[in-house]
């Protein structure tokens, strides 16, 4: 009887701990995804200005004709 009660209490405690761990892991995962998305969009600068998203400068018309 006492052993069964202790077993139930332990399983409830583990269940609550696991639920909290899953929620925390989800929040961390979402934070990392949002950070990665901002970085890919170029919104990760310290001054709040967006970075240029183009890797190369635009090609001028005179260069394209050559």
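From the backbone N, Cα and C atoms, a Cβ is placed for every residue, glycine too.
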**Asked** Given 11-27, 28-44, which one carries Swiss-Prot's transmembrane segment label?
**Response** 28-44
**Cβ-Cβ neighbours of residue 7 (phosphoserine) (radius 10 Å)** = 10
**Prompt:** In the topological domain 'Cytoplasmic' (1-27), how many residues does DSSP call helix, how many strand, and how many coil?
**Reply:** 26 helix, 0 strand, 1 coil
**residue 21 (phosphothreonine) to residue 7 (phosphoserine) - Cα separation in whole Å** = 21
